[in-house]
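Engineer: Attaching a single structure in structure tokens format; questions to follow.
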Amino acid sequence: MLNFFLITIQFLSGAVMYSHIIAKIKGIDLRKIRDGNPGSSNLWRAAGWKYGFPALMLDYFKGTFPIAFFVWNESFHVNRYVIAFAALSGILGHAFSPFLKFKGGKAIATTFGAWSVLTKWEGPMVLGTVFTIFSILHRLRGKNKTTPEEDAFRVMIGFAALLIYTMWKVFNGMPELAILYFGNFLIVFYKHRLELRRYLKGV
């Protein structure tokens with residue numbers, strides 16, 4: 001019963017679309033911004049960092065709660081595979097929010113949150129390093145902003161690096177990370193599929 005409760009609550013936590021709520025309060029329709037994604041990146045572009053940054057942090061932290069409580073409080077004795085499925089359910093909730101007719105965000109910030117809890121920030125450091133290198137190279141080419149297609153490519157490169165890290169952890173006593181990784185990859189790939197298709201056509 002506890003396992004089902006944890007997975008369900010984590011899904012509902014991920015499904016709360018803070019960026020959409022903040023945008024509505026500001027009178028902004030995120031569906032008309034850039035790629036129409038109802039996430040923090042588009043809110044940032046539409047309303048600036050004062051609104052985008054808090055939304056980004058909320059998207060991040062909903063990937064950590066409530067699983068962090070169960071991970072750090074060993075008295076609950078929750079199976080680590082259940083924790084992995086719960087972390088994945090939070091990402092799924094953001095990507096396919098029932099509060100937005102199952103049309104959610106790209107789930108990158110929520111992914112960072114989930115991996116922070118299960119890997120003590122190691123997973124997000126892998127993704128963050130790849131994203132930073134990509135941004136530096138992009139600026140060296142004289143570009144200040146990335147397109148949705150370039151963002152999608154960056155995410156896929158980041159997940160390729162995360163796969164290497166995941167396999168290393170799997171073979172060193174954390175096989176449950178394979179569940180989180182492959183489920184997470186499928187969700188993120190699906191959410192970026194159209195941008196990736198356009199990117200590959202333009203290469």
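Indices start at 1 and increase along the chain as displayed.
Here the Cβ of each residue, glycine as well, is placed from N, Cα and C on the backbone.
The transmembrane segment feature in Swiss-Prot is assigned to 2-22, 52-72, 82-102, 117-137, 150-168, 170-190.
Can you tell me where each of these features sits in the structure?
Structural biologist: Residues 30, 38-40, 42-43, 47, 51, 54-55, 58-59, 62-63, 65-67, 70, 76, 78-79, 82-83, 85-87, 89-94, 97-100, 104-105, 110 of the same chain sit 6 or more residues outside the transmembrane segment (2-22) yet have a Cβ under 8 Å from a Cβ within it.
Same-chain residues lying 6+ beyond the ends of the transmembrane segment (52-72) with a Cβ under 8 Å from its Cβ atoms: 6, 9-10, 13-14, 16, 18-19, 22, 39-41, 43-45, 78, 83, 86-87, 90-91, 94, 105, 109-114, 116-118.
Sequence-distant contacts of the transmembrane segment (117-137), counting only residues of its own chain at least 6 positions beyond either end whose CB sits under 8 Å from a CB of the stretch, comprise 63-64, 67-68, 71, 83-84, 87, 111, 146, 154, 157-159, 161-162, 165-166, 169, 176-177, 180.
Long-range contacts of the transmembrane segment (170-190) within the same chain, counting only residues at least 6 positions beyond its ends with a Cβ under 8 Å from a Cβ of the stretch, are 80-81, 83-85, 87-88, 91-92, 95, 106-108, 111, 114-115, 118-119, 155-156, 159, 162-163, 196.
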Engineer: With a Cβ cut-off under 8 Å, give me the same-chain residues at least six positions beyond the ends of the transmembrane segment (150-168) that come close to it.
Structural biologist: 41, 106, 108, 115, 122-123, 126-127, 129-131, 134, 138, 177-178, 180-181, 184-185, 188-189, 192, 195-196, 199
